[in-house]
């Protein structure tokens, strides 16, 4: 469709005219005019809603909201075209078969071996070995081979040694969807552990001997403690309501030596609505401070984030400080339980705060234990009531921790944002389907690529420059501030206003420090080379043997100038009053155009994921020019192909 | 008066000091004329706490049996608690502190007694003189002159003795204009934008009154700043409504009919008690340990503090936009031209002028646009967030300005030579200080108090390399551009460094800062080494080549 206008949400003055293309996998908007064409790419699987608005004099507006919080506003001149686009997109955005998803057509041009290698990057057996398991208390059980006991669990499950197959099967029959208690995290130092399950089918009075034995076995696996905590992450009211349906929670009287605890995290429906409300606030055209704060409060989002954090903190404390094992469950044990177990693990074990460890953590607590990625993130057309930002909340918890502990994490904010992006993008196979069983049936590993390998390959982009493995913050358990410090939880504009560059800090401390560190590394190398040459030269002077080598003139590249900017960003609309005044001089207009061209150049050459993130668009400080390899933009594997996966952004 | 008369109990033993995030410490409390000193002599953590009496905003006392407790709330927002055994001692100490922290006379303040322990390299009172500023200006334009019309503070009591005005306007005309402006604050030059020669001026409101008085010289003065055929903007920091109401009291605004070349824009920046109440509410919310997440956000919202930040920044951005983008000159005023006007003109300069983002440049900006421009520091900063007295002159105008600077600094972390600590330090010294810089309400009062002769300047202390190193931003790389901050609510944050300073643990953030410094330091060291080696190598190679040629 031609002559489509892409509107800038922040400024009504800026609108780009261009052509809209629909392909099998993407919506592409190409701007007219400039020589290097500016493009906006949106994956169909990222589209969360499409809204056709009332036709106006200028055309028919189409609003596309994306799952990565991008909002695109198009105006299509012809009503009929608009309708066609709308109908096509609705169909394209809601595939019904897994095979329609992008990961089955995405081909990063890796050979078979490389792909297999990629899938092996994260190995959970290795991870349990790292924790020190199997050992005297814990063993691997094959009770669930061929998914015979629980079809949403992995085939290999770690359970206490004293739990026989009989106990496990018996316990599984007493738990929702047969999700029996299994090991999530084990603390080598004191034998305390985190186990997870679903709710017991206790109703008002039912009991199950095997389930009681199962919990007993978990307690015995930690000889240092004479009880275990059972943490129900639901609000008490919800848990009680479940009893009427024959489900519910553990009765302390029936289980020997348990301490039962409710931690009120709301259910997926409350969370979905909360996010919806918060996004509405983010979308407000020019909100006042009060609109924003009031809306943020009203959404309850930060309150929910804090509830999840508090649960994680409680468990981490039980394990690290009291040396007590914890069994965590909610209803089905795949949403809140996954959030809480992974937050607690992250607090407890510095390994999960490294890049590799974080991948392992998501693989362990989310992917392997059957978090319903397909349902929660709406990859295939399904029940909208199943959709909920469960893992988004976990990712935000990590970000909130990063804000409190700036040196504790090996990875940076960008890493989190890109993981969030790809959970929805369906470009990699990792997060397809609802359970390991489905993934195996679909032969995901043979037919798609792994995100972890992709991220690992570009890991220099995701490093936190402040991280040092020998820094005190990276050691041991993190102790975040508890109750009174509500102010520690902040709105994450880097995520929820991710595509509105104008709102973000114009200079990134992270990027700056990354560039400095890269330069430092080069200096170290050069120092060595120079030292050698000097030694050689001194020797050779005696031999009168001239040392010939390419003069290494790095100094120019290294020159400390970050201020390559003809592109001062344009001011916002600070006042509407200015409009009626004579417009700007043409020369200034030209300046702006050239700025766009420059941006485009940068975009083309850079990794598409990053382009959505790099500073280049923000206009003011192009930090990437500081480092020879282009700072934030790693050379991509294949820039031509790569742009397929792009989410280019209009400035 | 002798301070000894006010000190009923100069010393108390076995006092226990409580602070958030620290263990309670037992020690000795001493009162002197200007300080409260707490010292603990325990071997494991010997420490001393010195608190200026003038830093104390309010004190509360409580008794449980014979154990008295004094809670001291400071202007820098810190709260400490002292447990003092003995009711009489406690009462004596409390009343002494109360008396010493509310001395009436300026000349009894600590700056008049303070003797510096450091060597003075450069006298801060002689830095940032208007003549130097004018010299810089005259190197780029000759359209302005230095007028000594206010030499004896005879024309305008709140202006400095010399001001910069358009060359074409003589002192006689200035005198007439002064009659037409509130408090005689006639339009003077605030900033000259070298890039396009546009200027920013500031003044107070014109005294048009209800019958629309006009003053030809006033019109002539501000028109003198316009290029032929060009128009300018008047930014009135009050809403149209407030400005119209001001006419009833003899004030008003520039009528279109009399100023056809000017376009007036009204912005709404609050003043006085509205700001003071906002500060009180904000600090209350920050200190409230009990409420849950929802209450925190609603209290933050109800304080309106960030709304004020947003309004002020928006007005400043607008002024900067008019100058840089529209290529127009700007006149800024509110009512008196001593509060919101200065917030706008000084912030606009930070946006426009890279010099103001350096340490010296910022100091010069504070001197020019706040001290010399007659912001009544003594009135505004007499009390801070914990005051119970309802005096009407207090307002955190300067703190709001610093907050806005911090917001820009946060958005452009590499463009400022100074760091957050520098801004916090200025906030502290504006409210309580051993230096005379922020005493008095204007240059007139300062010269009557003979501050330059009798007290030490803050700048003499700050500008020594030992101190400066604490305030330098390791990320700084001079950025010669105009920097446009975002004023969207998502982009503005609570200034934790000030408002949560005493009630959040800062260890991890401090560590991050240290890490940042060490990364950059190591980089610089390597650079120096590499350069030295390169030079050495080059020399050797030259020698080599010469040998070869031989």
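Using the three backbone atoms N, Cα and C, a Cβ is placed for every residue, glycine included.
TrEMBL entries are annotated by machine, without manual review.
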Can you dig out which of the ranges A:485-512, A:513-540 TrEMBL describes as coiled coil? A:513-540
Which residues does residue A:267 (substrate binding site) neighbour through Cβ under 8 Å, counting only same-chain ones at least six apart? A:234, A:238, A:331, A:335, A:336
List the residues in the vicinity of the substrate site, defined as same-chain residues other than A:267, A:268, A:330, A:331, A:332, A:333, A:334, A:335, A:336 with C-beta within 8 angstroms of the site's C-beta centre. A:233, A:234, A:337
If you measure every Cα to Cα pair among A:267, A:268, A:330, A:331, A:332, A:333, A:334, A:335, A:336, the residues listed for substrate, what is the largest value in Å? 12
Just how many other Cβ atoms lie inside 10 Å of the Cβ on residue A:330 (substrate binding site)? 28
Under 8 Å Cβ to Cβ from residue A:334 (substrate binding site), same chain, six or more residues apart: give me those in sequence order, or none if nothing qualifies. A:152, A:179, A:198, A:369, A:370, A:371, A:372
In sequence order, what residues of the same chain, 6+ apart, have a Cβ less than 8 Å from the Cβ of residue A:332 (substrate binding site)? A:176, A:177, A:179, A:198, A:199
